[in-house]
Amino acid sequence: MKIEKLIIKDFRSHALTKVNFSSGINLIIGQNGSGKSSILDALLVGLYWPSKPKDLKKDDFERINGSGTEITVFFEKGNVKYQIHRNIGRGLAFVKYHDGSSWKTLETGQKPVRDWMEKLVPYDVFLNAIYIRQGEIDAILESDESREKVVRQVLGLDRYENSYKNLLDVRKEIDARIKAIEDYLKSTENIDELIGNLEKELTSVLREINEISPKLPELRGELGGLEKELKELEKTAEELAKARVELKSEEGNLRELEAKKSGIQSMIRETEKRVEELKEKVKELESLEEKAKEYERLSRFYRNFTEGINRIEKLLATYSQQAENLRERIDELSKKEARVKELLKEKEGLQKELGALEEDLKAYQRAKELMANLERLKKRLTLSEEEIEKLEAEIQKARERKEEIMKELEEIGSRRGELKSIAGERNKALMELKKAKGRCPVCGRELTEEHRKELLEKYTAELKEISAEMKELEKREKKLRAELVEVEKTLKKERELFALKEVLEQIRETEEKLKEYDLEKLEEANEKAEELKKKLAGLEGEIKSLEDEIKKGELLKKKLALVEKKLRELEEERASLLGELKKLGFGDVKELEERLKELEPAYKRYIELRPARDELKREEDLLKSLKLDLTAILKEIEKTSKRVEELRKRVEELEKSYDKDRHEELKGKTRELSNELAGLEARLKSLEERRDEVKASLEKLREEKETRKEKAKELEKLKKARERVQRLREKVKAYKNLLKEGALAKVGEMASEIFEELTEEKYSGVTVKAEENKVRLGVVYNGKEYGLGFLSGGERIALGLAFRLALSLYLAGEISLLILDEPTPYLDEERRRRLVDIMQRYLRKIPQVIVVSHDEELKDAADRVIRVSLENGVSVVREAEVG
């Protein structure tokens, strides 16, 4: 697999990032927090989202205020080019391949694309064999158990472990099936006995069915004759009962009709009496009709007249008052015009006084700005003048101390190089002395055991002295570097010092400028100007108010004309109403009121009698309707009387033809025969059902007997399969251990070479030993094996890195891509330089390597350098030149 290009949009600090990768070593470099590791996380999300990686959640990587995360990965696998695109926010995804001319879609949708990628390169293979993550070195150094877990994941030994466990599950499943079959065979041991018992029961049931079947036709024939005679008697009894009920009903109807006839005759008499009374009332009503009409006409006029006069009187009073008020306001306007002229003259004088103060006001404004600026500058000055001078002296002292420290560190580095060279020579001499025979490889004379021992002791003592001096140098270097950090902190304050000095100079300049102004005089001028402005504003407000009122003068005159017109119209309306009163023959309202009082009794009697006409009409209609009802009821009584006579004759005839005793006798005989027949039929049905059940049970038992034979054969096969599965489990376990030991032996050899490079051959090898659920790691020093506790902190990190690189290099024949995320944490400067040589020597065996780091030294080993920086909160990617 080879990664060609990665496009990232709105992922953490990346707004829109495009990264191109090539064959060889690709280095992604940048400071912590610049977004370089986010490129690797985006690659994982692009390939395996949504279920992998599990520790990445959508909210963790979506860019704030972004339009939505999108990732596109272009890569090659098996000489075929692919691209995977994911739009996380919208839940869209696709994978395409290039057929040589254009891109063709393979899958769409987040889950289908993830499943396709999982088949092409399983996530566990990518994460364990291809991707060396931050913190994985710590897991290698943490314990023998955690180291074994890393080895198991990277080498893919989990597959064999899972196979071993899965085979145990298979064996358990086979055991469960064996037990189930054995239980089944035991539970069906008596099947032949059950078949014999059911065959006997079937013979007995068939015999009883043959005895009952002939009796049923005879009983059914006898019962049919009785039921026919019984049916005829029941029909006669039913007709008799129906005739009696109908007769009783008709007799009741006849009584009701007679009662209705009497009621209607009584109502006719009462209605005729009311009709005569109402005719007299209608005559009186007609005699009062003329007076009633006059009363209604005069009453309407009186109501309209009084309402109109009252309304006019009220409006006349209102409009008269308005006219008086308007005339007074118009008279006041001339006084206000004179007042406006006085105020304008006063305003002109104030404006002249304010103009004379203009220059002083401008000077006062400039002085205020200088004072405000001085206040701001003093707030920015965080140190006093004495403290600034003290800080300047500290920085000068720190600059001198830094030169001294750098010079001493250079001397320490030079001395360490000399000691390493001597130690290398002594180690080489020791190795040669241990292997040498005959002549001494040091001096060339004959090599005796005494001479060998003497030289070995001498060189070993020298190596111990060198080691002690190296530790002292390392201790001194550590102390100097710690001091250098503090010195650098002081030197970083130099920029702050420059800024403070500049602020101090600005304060002095501002104070000098302020001395040029007479602030007391300028403040008095400003106060006077404010007072004048206040007076001027008051005058302008009063002038505007008066001018607005003067403008309203014409409107007031127009309004007065309208009010006077309205008063004339109201007077005319009042005169018109009085004219109508005279036309009716009345001199004033009192005469009209007296005439109404005179007509009122006749009008009230008229109102009282007015409903009589309608009542007379209703009563006459009712009388007519009652007479029609009476005629109809008389006809119905005659008809019902005839029906009652006919029904009485029909009942007498039916009573003569019906024999009640014979009816009861037939009921008893029919019931007895029906019960006997039902009992035999029920018994026959029960026997037939039992016959069918026994036959079905026999069929099932015979099938069960055949099944028993098949199960017995299956049991033998399962027992043999269990033995084969157990043998296969043992083989899988043995092969896993063999593979693990062989792989760790090769990994140990490669780790030894890398570790020797990292420690400049201080250690002559790395030991790797596999145990149950453990992998022990050690080093060889001066021919002896030591545990990890023998190593310094930096050497432990170097060993962990060497071991993890060896694991990936072991798989180099199977993988074409390796990713390292921050491989240099805790490595000192010298070991980082050694790592560059290791990358050039070993990692070039892998077609494509992607390294993420903040160490500039790694650039020397890279074929392509991609620099990541954070600018205004956004990650920016640039390709850098390779030296």
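Glycine is treated like the rest: Cβ placed from N, Cα and C.
Contacts of Arg12 (ATP binding site) defined by a Cβ separation under 8 A and a same-chain sequence distance of 6+ are given as Gly35, Ser38, Asp41, Phe61, Arg63, Ser875, in order along the sequence. Look at Swiss-Prot and you will find Arg12, 32-38, Gln134, 790-795 tagged as ATP binding site, backed by sequence analysis.
The feature Zn(2+) binding site is assigned by Swiss-Prot to Cys440, Cys443.
Annotation source Swiss-Prot lists coiled coil at 218-420 (among others).
The coiled coil feature in Swiss-Prot is assigned to 452-585 (among others).
Under the heading coiled coil, Swiss-Prot lists 620-741 (among others).
Per Swiss-Prot, the feature domain 'Zinc-hook' maps to 395-492; the stated evidence is sequence analysis.
Each of the binding-site residues Gly33, Gly35 was scored by the number of other CB atoms within 10 A of its CB, and the lowest score belongs to Gly33. Mapped onto DSSP classes, the domain 'Zinc-hook' (395-492) shows 84 helix, 2 strand, 12 coil. Averaged over the domain 'Zinc-hook' (395-492), the predicted model reaches a pLDDT of 82. The C-beta environment of Leu791 (ATP binding site), restricted to residues of the same chain at least 6 apart in sequence and closer than 8 Å, consists of Val779, Leu799.
Counting every protein chain shown, 19 other Cβ atoms lie within 10 Å of the Cβ of Glu795 (ATP binding site). Neighbour count (other Cβ atoms within 10 Å of the Cβ, all protein chains): 21 for Ser37 (ATP binding site).
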